[in-house]
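Asks: Below is one structure. I have some questions about it.
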Amino acid sequence: MSPIQVVVFALSRIFLLLFRLIKLIITPIQKSLGYLFGNYFDELDRKYRYKEDWYIIPYFLKSVFCYIIDVRRHRFQNWYLFIKQVQQNGDHLAISYTRPMAEKGEFQLETFTYIETYNIVLRLSHILHFDYNVQAGDYVAIDCTNKPLFVFLWLSLWNIGAIPAFLNYNTKGTPLVHSLKISNITQVFIDPDASNPIRESEEEIKNALPDVKLNYLEEQDLMHELLNSQSPEFLQQDNVRTPLGLTDFKPSMLIYTSGTTGLPKSAIMSWRKSSVGCQVFGHVLHMTNESTVFTAMPLFHSTAALLGACAILSHGGCLALSHKFSASTFWKQVYLTGATHIQYVGEVCRYLLHTPISKYEKMHKVKVAYGNGLRPDIWQDFRKRFNIEVIGEFYAATEAPFATTTFQKGDFGIGACRNYGTIIQWFLSFQQTLVRMDPNDDSVIYRNSKGFCEVAPVGEPGEMLMRIFFPKKPETSFQGYLGNAKETKSKVVRDVFRRGDAWYRCGDLLKADEYGLWYFLDRMGDTFRWKSENVSTTEVEDQLTASNKEQYAQVLVVGIKVPKYEGRAGFAVIKLTDNSLDITAKTKLLNDSLSRLNLPSYAMPLFVKFVDEIKMTDNHKILKKVYREQKLPKGLDGNDTIFWLKNYKRYEVLTAADWEAIDAQTIKL
């Protein structure tokens, strides 16, 4: 054990014992005084949020202590966490799955306990190791939809000592070949429900990567063999699964994210992140071995894989899987699985609010809805309609070293993605910060006359940075992307507050309020400049949505290029609740909204387009990049109807004559 580990180990034990002692003394006193001074303690908690701190800190210290021991014993991998839960919670459900039936809207509930899952995984490990020659250290791709088979493959690869890479099952062609190549994939295991893109790309894969094996699984036959108690099993030797040279910042899995070139990047999920990181995250969101986390998010993304599966399975609870997201059957599946927690991302909550009332939407057991991307304008509406007690909005990036969280109840902290008590805030101040941006270019971090960055003042947008604790070995905190050193290096900024320090750049703008809460504002690429001013797309979207909540089902704002003008002009894309409205009705809607907008002229959307559907990613996030490429005046195919804000006073249809005048600059924007 290194000197630093010894110090951390000792301090964690001391602080843990100290907190236990204080908690032992304070708890009965607090209960007694609570009867007399209940309102005072409530106000104190509202101001300092000490209750959640008392809940989080002892567990965090205990986890750090146990993790250091596990690292010392070379037992830091998630496989050993899984074994622990098999031993302690063998009869508890580990996985449930609402398998879609032929009849639309009907499901067959499949369940597997921890001991059943363990036995299946050992049988599948035998097949993978002896029939397919999967070896420890191999990078093996899983191309699978949401179903128990995905988790069985995942755990089997961990048992063998291989590293799973989660392919987006919609990827095909060049991006698919690129994904396999940069990750040194040896073979791919393919779910029959996800096989079409691979089959379409098979010739391209074989030409570019002839050594990569494509294994098309027959799920029904395979599951029959895995459920047979007479099938042979394989448990890898510990010293092969976890060789002495393996460190806890090495890859536990690979998850693909979108790249700036249009090709995916393979983000490294370290063992530290997927094990102790997800354990602590689960505790912060009050997961226990009695909890069930329902996710309709794809397992090939980190939200479902790390913050769903890894988090709940490390606590001995149940992972409930939906085959894919369906707004119309969401609450029925939640009810069938008995979920206590549900995951959301992007616009999922808005989709659910726009569904007809279902008898299942209040028959569930859900206490916590957690995810990222819940907008403040529907935060309380979502909670009230679906009877959700707690919102767990978090901020994280797939490749980021840490996440921020909130456990929000009541009216305080709506919209925040980081909300802790005074003690944890102080601790996190050494780990996370918001830095000021250049007033002339909000994609550039501001540096003062000494060449250092400055913390963003309260209320001012700043880029979130996360500390890299060993600047000379940044991979111990931030592992980056496999096979892409350039992109990895671009995410690290140095000499931030002193010479030699290093921080991970999140690439997002957040702001802090006077209570220490943090709020997500924009992706760095989403903010645009017009008339030499920075425009927050989130602010404009929120105001535009609020101006007509009944008619505007979904609103997107981006900046688009206008020939002969510097910067980008505001462009709003609107999906209506009623798509049958004609141009006259749409014009009236826009001008009614205009009177309710409280935006400076430079932030007003100069151009507007109505669409039947806003294009989304596979993980239900808006594809803003597509809309940033909007061509004026009629789109690429010449069929778009675009509205424009004439003289900043009234919306009208953009005609050919209007565009000629704008292009000739006889009309100024």
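Glycine too: its Cβ is placed from the backbone N, Cα and C atoms.
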Asks: Please find, within the list 246-296, 399-449, 501-551, the residue stretch that Swiss-Prot describes as motif 'FACS'.
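Replies: From Swiss-Prot, the annotated motif 'FACS' range turns out to be 501-551.
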Asks: I need to check the long-range neighbours of the transmembrane segment (149-169): which residues 6 or more away from its ends have a CB within less than 8 Å of a CB in the stretch?
Replies: 77-79, 82, 95, 117, 120-122, 124-125, 128-129, 134-143, 176, 179, 183, 185, 188-189, 191, 194, 197, 217, 219, 222-223, 226, 234-236, 240-242, 251-256, 264, 266, 298-301, 305, 309, 319, 321, 618
Asks: Please compare the binding-site residues SER258, SER266 by how many other CB atoms fall within 10 Å of each one's CB, and tell me which has the fewest.
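Replies: Comparing Cβ neighbours within 10 Å for the binding-site residues SER258, SER266, SER258 has the fewest.
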Asks: For the topological domain 'Extracellular' (27-148), DSSP counts of helix, strand and coil?
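Replies: Each residue of the topological domain 'Extracellular' (27-148) counted once, the result is 76 helix, 20 strand, 26 coil.
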